[in-house]
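**Q** Mind looking over this structure? Questions follow.
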């Protein structure tokens, strides 16, 4: 099934509008290209609606939000909703400042999202109004482990039901859930957290997958999460003892570029709960 | 001839002022350094005129334009004109939104450009007020091929005459033209379109080349386009079957860094029409 | 001693707030992660005080300053001072425009810095109100050499005394000084100047080192400067004849990622004057 999801990205080359942070934006663009889709970045209020109109998916990332771009996020999100385009939210650092938390809530109120992708602390902030965010990384006390996985799955499903969308909580174990079904995904490598923006890149990748698979957002998001994790594994296997996080960053994007739908299908490690 | 153009860049190390987008800005800076020039990025209205004054060339790229930076582009462009500094325009996504198209037209009205570099859809938008832009990439229906090359050359010369500057239309076949002469360049590799910002990088590189060769903007721009294409070929020849677009991005910049004037002269594949 | 400084970074994983330019921000984030610390980038006036509060160090870089971010720099800097967090200033291009010079002076007036790190031209601008800055690079006439090193050390100590902080002047020979003691550091490689942002990355790295070694800002800054230079040497030794500045950029970050405290201790080449 994931093979087909990925094939659809490569077949349809969806154009993805990204309103994202200036830290990881280049990697997001190259990641979207690597998977076979096409990125456009535009964040001015005077063009975001028009740009979203020519695209087939929208990715909103609040990583370096400001008053000017928040307005653009809201305008683009509403226009995408009007056009029934899928919209992904990456609530980077929700919980780390009132501005981030309130902006995330405002976006949730005014825009219907297809997928919300974040780490467990960010998603907890959205779900219960508070998380123990350590900056833009998940707090240790929040982390999803084999021990608390059932509980985390229930949490993810409940929040997905409440937010009426797919929720992707990524970490050592990833959970991609709607109200009824959760994919627990065990792809990936711990070293991915030593690169800035693997989460941002995954959100952009997810936007491409859901844009190419409009009727299956849960499966498409799960496929994107597996693809990213698998790329992390493949890239890690190439590292020499001299290579560090910068080369690893390049190799992960490379791995998505080289990944075939069949290899994704074969390499995806998940269970449905 | 191209060897000399490139030698002049390495000899004079021109300082290039870039007002560019936040997606590919780092690659643009490293590309300018790779060719032997020096980049400075500054986009605040309170300093752009002064920064342009200490530079020898200006590169304006509208990739992530906004009201604040549009004002800065106009100020810097006019100041560069006053000082007779060469100015390059990269009209990223012209045709994709009214804001981009109108900003490009406003820049063309108020600033005299030395070179305009874009894909065929962007240049058509500037020339005839409309193109079939697919986001920031050229539309398939617009593409320059061996079949429509004569027509495209005539179009490029006519637009160059109208805009009174050099026009560089890049794609599978590149056309660099002024009103009378066109270089048709066949360097490059299709995989270059799978990297974000090869066009932006080329515009920055072009600014360095025209700044170092003030009296020969047509030849300097053609040399820059050949250099970029040749770098794309050299970089591609290094790729292993595990490497993808991210490593390719690095290798292209590396190839410009290692490129010698002699290798450029020898590797340039062009005809004059 | 430097080994312990570095171990403290890896042990305490300080969260570093960066208000920095959009050119090199991604490399700064990956550099902070490479050394074992954690970066957060936030530049909106409505959140910078709160973000700084959850961090343990602040890095202010004026590389692409504008009215909006200057306000944020001042707010964050004052808040960090209130909380006794270490603050690093990177006065990129001070001397290249009045806006940069005046902003640097305003920051020095309103914020107490722990370390100021820049090239000799930038630091001269701050010290005497004028430097012969060539854009964002040091002017040749300013450069620190074996011949003028004693004079440069005196200058660094005098400015450190005046600014009541540690001053790190980086170039072919680096000087890290407080009012009484100067480390003259001979690590590094000339090719580092062909990469955009090695200075910015070093400032971010320095913020991590001083945040993890609160009582020894001089030694911590010197350790960071040695680490960066050593990484430049290690990375250079890996380059093939096809590799250029882009691969070198990656390898430098990789080298910090792989660097051990022991290797830093052993590889650091400095004298105290």
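One is the number of the first residue shown, and numbering goes on along the chain from there.
The backbone N, Cα and C atoms fix where each Cβ goes, glycine too.
From a predicted model like this one, the values you see are computed outputs, not experimental measurements.
From TrEMBL, here are the annotated features:
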BINDING   B:41, B:197  substrate binding site
BINDING   B:117, B:170  ATP binding site
**Q** Can you count the other CB atoms that lie within 10 A of the CB of residue B:117 (ATP binding site)?
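**A** 31, counting other Cβ atoms within 10 Å of residue B:117 (ATP binding site).
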**Q** Less than 8 Å, Cβ to Cβ, versus chain C; work out which of the binding-site residues B:41, B:117, B:170, B:197 satisfy that and list them by sequence.
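**A** Among the binding-site residues B:41, B:117, B:170, B:197, the ones whose Cβ sits under 8 Å from a Cβ of chain C are B:41.
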**Q** Could you round the CA separation between residue B:197 (substrate binding site) and residue B:170 (ATP binding site) to a whole angstrom and send it over?
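**A** Cα of residue B:197 (substrate binding site) to Cα of residue B:170 (ATP binding site) measures 13 Å after rounding.
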**Q** Just how many other Cβ atoms lie inside 10 Å of the Cβ on residue B:170 (ATP binding site)?
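**A** A 10 Å sphere around the Cβ of residue B:170 (ATP binding site) contains 27 other Cβ atoms.
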**Q** Quick one: give me the count of other CB atoms within 10 A of the CB of residue B:197 (substrate binding site).
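**A** Residue B:197 (substrate binding site): 26 neighbouring Cβ atoms within 10 Å.
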**Q** Around residue B:41 (substrate binding site), which residues of its chain at least 6 apart sit with Cβ under 8 Å of its Cβ?
**A** B:17, B:18, B:19, B:20, B:25, B:29
**Q** I want to verify one value. Collapsing DSSP to three states, which class is residue B:41 (substrate binding site)?
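**A** Note: residue B:41 (substrate binding site) is in a strand by DSSP.
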